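**Q** Swiss-Prot feature annotations, pasted as is:
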- 1-7: topological domain 'Cytoplasmic' (TOPO_DOM)
- 8-29: transmembrane segment (TRANSMEM)
- 30-439: topological domain 'Extracellular' (TOPO_DOM)
- Asn79: N-linked glycosylation site (CARBOHYD)
- 93-120: region 'Required for interaction with thrombospondins, THBS1 and THBS2' (REGION)
- Asn102: N-linked glycosylation site (CARBOHYD)
- Asn132: N-linked glycosylation site (CARBOHYD)
- Asn205: N-linked glycosylation site (CARBOHYD)
- Asn235: N-linked glycosylation site (CARBOHYD)
- Asn247: N-linked glycosylation site (CARBOHYD)
- Asn321: N-linked glycosylation site (CARBOHYD)
- Asn417: N-linked glycosylation site (CARBOHYD)
- 440-461: transmembrane segment (TRANSMEM)
- 462-472: topological domain 'Cytoplasmic' (TOPO_DOM)
Amino acid sequence: MGCDRNCGLIAGAVIGAVLAVFGGILMPVGDMLVEKTIKKEVVLEEGTIAFKNWVKTGTTVYRQFWIFDVQNPDEVAVNSSKIKVKQRGPYTYRVRYLAKENITQDPVDSTVSFVQPNGAIFEPSLSVGTENDTFTILNLAVAAAPHIYTNSFVQVVLNSLIKKSKSSMFQTRTLRELLWGYKDPFLSLVPYPIPTTVGVFYPYNDTADGVYKVFNGKDDINKVAIIDSYKGKRNLSYWESYCDMINGTDAASFPPFVEKSRVLRFFSSDICRSIYAVFGSDIELKGIPVYRFILPAKAFASPVQNPDNHCFCTEKVISNNCTSYGVLDISKCKQGRPVYISLPHFLHASPDISEPIEGLNPNEEEHRTYLDVEPITGFTLQFAKRLQVNILVKPARKIEALKNLKRNYIVPILWLNETGTIGDEKAEMFRNQVTGKVKLLGLVEMVLLGLGVVMFVAFMISYCACRSKNRK
């Protein structure tokens, strides 16, 4: 009987040891299986989970606009006073609802090329007003004229056309006109062929962004979704040195197995440059653990604060010899028009930029850009892209509408918040197919290992105790 009991205890200990060993073996083997599955499913080719969602996003994307309505246009034009603005919005559009087009796989270099059609549908229920709401804003054509045409004689001619068209420094426009374009009366009088339609995002509807050429990940999963070229080029021709490079992905996804220490690099055609995000915090999104990556303040810092930004400083006067920060001059990619990009309300901008403007209230929580990335797959499941469009206007002695100005203004026109969050149905599918299976595998591994160790220790203690008792 003693032998039977001892044998039973030994058998229990052996079973425990086997379970513990199996649990231990399952950890690396399970991780290998997960890694193999993920690598297969994030490749951008027909039949994978990634490809289906890549061709047409399953996430509803909204772009909200807040317009800066100028309250004292005459004071500014006559006395060069501070510009008083009042933010009005949001006015919401649904965007990025069209599938990618002209998708072409290249098996030779493991890339896939495409264009992204543009479209915007107004959402009245998510807006404070209609597309016919009017705003007092900077006259985009008048403000740009002295930047594009620097010759004094040409400016004299332009001044006569500005006066003839009854244009001034400021104008009243509807939301639809401001965003998507209007026939400008001044430009319509110019006696030689130039574009006469003006709008912050003109042209947009029925256009396409690209051609993009990205790596599909078949030969190297660490390159999946990374942009190989944009419009047939690997550089932008806007900036000097490495600032001109097209880096990273389009931010919709990143190579899998994202670590917190990784810097996520991505290219945005909206701001005509590549930029990056760094880890901010762990959060849970609809039951899915994600890493929140944020755009750091140093991305728009001056070269004095961040020497890596020296090649983004393209002129010395407006930037106070490259000491101002928080704005980016993108005029080179806007046909010479004096467009400056910043974070909303000049968040993280130097005081000299915001000093001539009253009515701004920068807020880190409301105005920062972030990406919520699921670390196993590298998919961006939620994002908020926030940026502000500004126009530089400066004194011009030959143009009466601008001759009374005594300072340069970087005038905020509007700011936008483009957001997307994985839907409930997609989130459930993601939990079931990805994170749920990984969690279950991890739980099984820990249960087997823990149960095996406990059984082994318990049965061995009992066996030793039993033998000790029998000897006595």
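Here the Cβ of each residue, glycine as well, is placed from N, Cα and C on the backbone.
These figures come from a predicted structure and were not determined experimentally.
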**Q** Say we define neighbours as other CB atoms within 10 Å of the CB. Which of the glycosylation sites Asn79, Asn247 has the fewest?
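**A** Per-residue Cβ counts within 10 Å for the glycosylation sites Asn79, Asn247 bottom out at Asn79.
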**Q** Round to a whole number and give the Cα-to-Cα distance in Å for the pair Asn321 (N-linked glycosylation site) and Asn205 (N-linked glycosylation site).
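**A** Spelling it out, the Cα of Asn321 (N-linked glycosylation site) and the Cα of Asn205 (N-linked glycosylation site) are 39 Å apart.
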**Q** Between C-alpha atoms, which of these glycosylation sites comes nearest to Asn205 (N-linked glycosylation site): Asn79, Asn235, Asn417?
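**A** Its closest listed neighbour, by Cα, is Asn417.
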**Q** Summarise the region 'Required for interaction with thrombospondins, THBS1 and THBS2' (93-120) as counts of helix, strand and coil residues per DSSP.
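**A** Helix, strand, coil within the region 'Required for interaction with thrombospondins, THBS1 and THBS2' (93-120): 0 helix, 17 strand, 11 coil.
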**Q** Please report how many Å separate the Cα atom of Asn247 (N-linked glycosylation site) from that of Asn102 (N-linked glycosylation site), as a whole number.
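**A** Approximately 22 Å lies between the Cα of Asn247 (N-linked glycosylation site) and that of Asn102 (N-linked glycosylation site).
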**Q** Could you tell me which of these glycosylation sites, Asn102, Asn132, Asn205, Asn235, Asn417, has the greatest number of Cβ atoms within 10 Å of its own Cβ?
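**A** Answer by Cβ density within 10 Å: Asn417.
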